[in-house]
């Protein structure tokens with residue numbers, strides 16, 4: 001059995017932790033750092049195959065020293081492409097070599113006629129009106145903004161019809177087929193963390209949200225040990241205290257503080273409560289800077305130009321990076337617009353979440369980063385942010401898609417939103433002359449502003465596309481219909497287009513943003 005003094009960085013051993021059921025478990029963890037406070041050693045551990053947000057400092061009493069694995073000496077191997085620091089390519093980010101070599105793209109059906117009928121008792125289904133935070137990111141932008149973005153390729157789970165192939169849709173008895181069955185070719189994580197989006201997401205005919213104890217998302221964003229560790233202990237923002245999930249590049253002198261104090265209106269940071277109180281006597285903001293372009297009830301959205309409000313935008317990015325691991329933070333906020341969602345009370349407009357987007361996007365991205373702050377998660381705000389981004393796309397007359405890669409929680413939220421939105425369209429179709437209703441992929445995309453590729457991938461994800469008697473059909477099972485109705489009953493927050501006061505700008509004609 002090893003001694004406590006023998007534990008070094010890189011060691012792996014079981015560590016005691018409490019799971020979501022308040023039960024003890026001993027997952028394997030890696031020691032990332034060791035520190036000594038008043039003669040007492042603390043160890044910063046990362047639980048293997050769990051999300052980094054669960055990393056923590058522990059004492060030696062929680063370590064199983066009997067099963068310790070010491071780090072092996074690394075063999076000298078040539079680096080990738082001869083470049084120091086190169087990492088193995090990620091299968092989630094790289095395009096298959098065969099596709100690159102041939103210069104071909106995956107076939108995407110554009111004009112598919114979808115025909116279907118619903119059970120008689122469901123022909124007239126009242127439209128449900130009515131979601132939690134989301135954790136995806138800001139001027140947090142992907143690592144390669146100016147270079148060509150890598151494409152995330154997902155193998156189709158069901159046959160993809162050609163561009164002109166007709167499709168019909170039939171209902172199925174709920175007992176005949178469950179909503180979504182895992183099939184070869186569909187990437188599906190068995191253990192994913194799910195605290196960001198709505199709990200009701202699992203009820204719309206798609207798999208239940210991942211468990212609370214972590215995900216299989218790999219720590220590939222940063223190689224150096226500093227950025228793999230949380231550096232801020234606690235953040236006080238208004239009436240909330242937040243425990244950061246990830247590293248954020250706040251000034252080094254602030255990382256030793258027990259609490260970092262932020263002004264909830266301008267997001268400036270201070271070392272102490274006294275500093276914050278002095279700042280509040282001078283800060284005259286009671287809402288985010290910029291124009292209020294939406295208000296309904298207590299919910300408002302403010303549009304903020306990253307060039308005109310640089311300080312606020314940078315502070316927003318620093319805060320968001322505490323809860324986003326898959327983006328790189330840049331301080332050049334000029335090319336971005338930020339849309340901040342707030343909740344109003346007698347003291348002012350309190351930030352709930354936000355999303356950012358490029359002023360000019362050649363890839364039709366309508367969201368660069370998106371986040372709902374932890375205190376407001378699981379309350380429907382995640383889908384509200386997503387819905388608002390697509391509402392802006394409708395006004396702009398464009399289809400849009402979120403920038404890749406999405407976080408695990410962001411992907412959950414978008415999958416749920418796409419599924420509910422598309423099912424809402426399909427179930428609202430009325431038959432003409434006794435024939436089954438018909439709709440094309442293009443029409444769905446135009447109605448919802450969801451990009452065609454996302455429409456197709458969602459239909460595949462829900463396992464709705466089938467081949468029947470020489471044509472492609474959409475099959476809505478009883479489980480899908482029932483699950484969708486239950487989900488829509490829980491979705492109380494919706495965007496009202498009548499409350500949106502937004503005029504899109506043509507940034508291509510403005511030279512410098």
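Residue 1 is the first one shown; counting continues down the chain.
Glycine too: its Cβ is placed from the backbone N, Cα and C atoms.
Per Swiss-Prot, the features are:
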- 403: active site, proton donor/acceptor (ACT_SITE)
- 370, 371, 372, 377, 378, 379, 380, 381, 382, 383, 407, 416: acetyl-CoA binding site (BINDING)
- 430: SUMO2 cross-link (CROSSLNK)
- 8-65: domain 'Tudor-knot' (DOMAIN)
- 227-504: domain 'MYST-type HAT' (DOMAIN)
- 86: phosphoserine (MOD_RES)
- 90: phosphoserine (MOD_RES)
- 199: phosphoserine (MOD_RES)
- 69-106: region 'Disordered' (REGION)
- 122-217: region 'Disordered' (REGION)
- 260-285: zinc finger (ZN_FING)
Can you give the largest Cα to Cα distance in Å, as a whole number, for the residues 370, 371, 372, 377, 378, 379, 380, 381, 382, 383, 407, 416 that bind acetyl-CoA in the record? 19
The answer, for which of the binding-site residues 372, 407 has its Cβ ringed by the most other Cβ atoms inside 10 Å, is 372
Contact set, same chain, for the zinc finger (260-285): CB under 8 Å, 6 or more residues outside the stretch: 232-238, 250, 253-254, 311-312, 315-316, 318-319, 348-351
Least surrounded, by Cβ count within 10 Å, of the recorded positions 370, 403, 430 is 430
Minimum Cβ neighbour count within 10 Å among the binding-site residues 380, 382: which residue? 380
When distances run from the Cα of the residue listed as 'SUMO2 cross-link' to each of the binding-site residues 370, 378, 382, the nearest one: 382
At the Cα level, what's the spacing in Å between the residue listed as 'active site, proton donor/acceptor' and residue 370 (acetyl-CoA binding site), rounded? 10
Return the average pLDDT for the zinc finger (260-285) as a whole number. 95
Any idea what DSSP makes of residue 370 (acetyl-CoA binding site), helix, strand or coil? strand
Under DSSP, is residue 382 (acetyl-CoA binding site) helix, strand or coil? helix
